[in-house]
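Chemist: Starting off with a structure, shown below.
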Amino acid sequence: MSLFKARDWWSTILGEKEEFDQGCLCLANVDNSGNGQDKIIVGSFMGYLRIFSPHPTKTGDGAQAEDLLLEVDLRDPVLQVEVGKFVSGTEMLHLAVLHSRKLCVYSVSGTLGNVEHGNQYQMKLIYEHNLQRTACNMTYGSFGGVKGRDLICIQSIDGMLMVFEQESYAFGRFLPGFLLPGPLAYSSRTDSFITVSSCRQVESYKYQVLAFATDADKRQETEQQKLGSGKRLVVDWTLNIGEQALDICIVSFNQSASSVFVLGERNFFCLKDNGQIRFMKKLDWSPSCFLPYCSVSEGTINTLIGNHNNMLHIYQDVTLKWATQLPHIPVAVRVGCLNDLKGVIVTLSDDGHLQCSYLGTDPSLFQAPNVESRELNYDELDVEMKELQKIIKDVNKSQGVWPITEREDDLNVSVVVSPNFDSVSQATDVEVGTDLVPSVTVKVTLQNRVVLQKVKLSVCVQPPLELTCDQFTFEFMTPDLTRTVSFSVYLKRSYTPSELEGNAVVSYSRPTDRNPDGIPRVMQCKFRLPLKLICLPGQPSKTASHKITIDTNKSPVSLLSLFPGFASQSDDDQVNVMGFHFLGGSRVTLLASKTSQRYRIQSEQFEDLWLITSELILRLQEYFEKQGVKDFACSFSGSMPLQEYFELIDHHFELRINGEKLEELLSERAVQFRAIQRRLLTRFKDKTPAPLQHLDTLLDGTYKQVIALADAVEENQGSLFQSFTRLKSATHLVILLIGLWQKLSADQIAILEAAFLPLQEDTQELGWEETVDAAISHLLKTCLSKSSKEQALNLNSQLNIPKDTSQLKKHITLLCDRLAKGGRLCLSTDAAAPQTMVMPGGCTTIPESDLEERSVEQDSTELFTNHRHLTAETSRPEVSPLQGVSE
């Protein structure tokens, strides 16, 4: 901040909500008065032109009515105003006004008033030029050394220099390599135009070179005509300044030398006529405008530079001589003689603050009052600090950094799944063995509250479920519109999906006043498909390879009331047994105990247990909610079926390795096939016939191998996709059993799902095994770590396909072991220390010793002796197949 403020001599505010730029201000004796006093000419982007002649009665007075000589609405935005000898036959000064599409030259004259209202001024149009291109800025001068008149050069937006010899158009030339227009100035001493290109370099073009170069109007001619119609436009000199320029000014105070001043974004440069740097100054602030003027010292030049800190700096060459404070940010600055006062600094802001000031040395007389001194009570400060820290901590815990405000949704999305099958099945190109595959209709309704743009609905379900249409677009041009779309879902392939849950995602843009294109937003609505879409009622099976038992705290419920659509018989003896036959061919049996509070699910395929188990728990919860029971809970106290889970992991990994080998072999055969083709092509091109040496037979055999390998790769990819779907089903089941086993909360189950199900699609580049292994390793070394030493270990940041699955299986087993010993899943490491708790089912603890890693690789039955964790339940004797659940 400056010690001294600019002394306000006269100031005013121009219009309301008008905008101005550096070309909108000019000082000159535009009315050619005899006293030679300058007038202030200001043009605005709103099209208003004003001429002022300040006459304050005392320093600091505002504008009076008689200070405004003329105000005219030109109806077109004023880009730049200049005063010069623009009319032929006279050397009087005239006003040139540049609009975007025309150039107008006016004469301003005053009539002596006979009454007290004062003199009258009027502006008369002398001539105008309609421009074929949109103008950017202009400069003027005695181009070519003419005497007694000024010529005008206009630069267009697309880089064309248009020269006007007063009332007539002379020529137009395009600047080479042009991208965006820059500032433009004319040097009378070297008779050249100087500008700054988009390449961030100062360029100088001689007027004579411009005059004799190829006409810009003939650029569409042929190459032969262009070569013979003129010279190519060549730059005189260039200088790379490394930044964009805000303004250029040519200063010539004697005939011996002139200087080119360039104001950049962070520096200002002083150049010689030939483009050599005379000096430069690095600025510590962002400049907004500048004006060089003569100095009292011989051989030096003073420069006024305004910046965005409301400051005006005065430099003598590179030395700062003065700094003064302004009440606004100047975009244009001029120095002139007003009311017989020489050296008045006139500044203009972008919002129309026009001020005439001078540099004064009267310091501000304001003195800061003495602050009342009192002793600090540090105890009270400590209590207040603790209260504030508690408030901050509570806020961060409850609602995050930003407070959550309740607001009404812009769009309401609702999904309704039909309870009945379609009368005519919409299933097409199915690969299911059954004769008829059912389909069910899903209706999605969208209702908007405000105007929305680019509304797109995307629906996704888990494969092998298929949709008849999954993409929809809408137009909500007015509020409170309702749109409904329908589509059908059916099972396409002969295996079971990992989930029956679908997701409807709506993306849209909401336009605002500041952003008409709209703010992008996304909404989603989940829906659940009926179980009968993928399975039918079937006969219960007495024997099964895989069984799990779910315990509850309430008396058993009749399966007929839980699954009313799957009862094959209505006998009372069969209400506790129910069979399910999936469309893919597998069967699942559900048994409810008559005396105990347990349910058993059994099947020949381990992954098929998932959907029936999750459906059972979900329907039990809904049943007891309708009964008004709030303390219903499920638990699992059996052995964790990790061995069956590991078999699915091994099968999936084997298919990945097999696919990698097939792709490598296919790549080798393709290289061999191309090499044989090149050999044959060389033989066929040879002028001297030569034997093929069985190359054609080798080509045919290699071609058959490529086709066979491509078919094998495609078949392996299909098997891998199916295996990944079954692996996801088994993973969901293991997560569910762990949650019931350890009574995990919803947040802890979400952490497990994020660790075990990180991918929606399995690829060769990023597979399920390495991703899950990294996630589980992170959990074991953070929240489930035994000591701080494990937390300090860093994981490998690069994920590669492992050599085998032993490490992954070991980490999964270790995760279950840590959870059994009281480990708690959380995202922070504060609760990483193990907690002691009673393990359900009487599980035997695993001794934490150096042999822990070794013991995990041994037979899992040695670790969990009581409940045989990590092994599957063995089948009961054939004498009583339902023993244990029907007693």
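Using N, Cα and C of the backbone, Cβ positions are placed for all residues, glycine too.
Because TrEMBL annotations are produced automatically, they should be read as predictions rather than curated entries.
I grabbed these lines from TrEMBL:
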- 371-398: coiled coil (COILED)
- 1-363: domain 'PTHB1 N-terminal' (DOMAIN)
- 437-527: domain 'PTHB1 GAE' (DOMAIN)
- 530-637: domain 'PTHB1 platform' (DOMAIN)
- 639-742: domain 'PTHB1 hairpin' (DOMAIN)
- 744-819: domain 'PTHB1 C-terminal helix bundle' (DOMAIN)
- 850-887: region 'Disordered' (REGION)
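Looking at the shown structure, what environment does each listed feature sit in?
Modeler: Assigned with DSSP, the residues of the domain 'PTHB1 GAE' (437-527) fall into helix, strand and coil as follows: 0 helix, 57 strand, 34 coil.
Mean pLDDT, taken over the domain 'PTHB1 platform' (530-637), works out to 85 on the 0 to 100 scale.
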Chemist: Taking helix as H, G and I and strand as E and B in DSSP, count the residues of the domain 'PTHB1 platform' (530-637) in helix, strand and coil.
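Modeler: Counting residues by DSSP class gives 34 helix, 31 strand, 43 coil.
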Chemist: For the domain 'PTHB1 C-terminal helix bundle' (744-819), jot down how many residues DSSP puts in helix, in strand and in coil.
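Modeler: Within the domain 'PTHB1 C-terminal helix bundle' (744-819) the tally stands at 42 helix, 0 strand, 34 coil.
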Chemist: Under the DSSP assignment, what numbers of helix, strand and coil residues are found in the domain 'PTHB1 hairpin' (639-742)?
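Modeler: DSSP classes over the domain 'PTHB1 hairpin' (639-742) add up to 92 helix, 0 strand, 12 coil.
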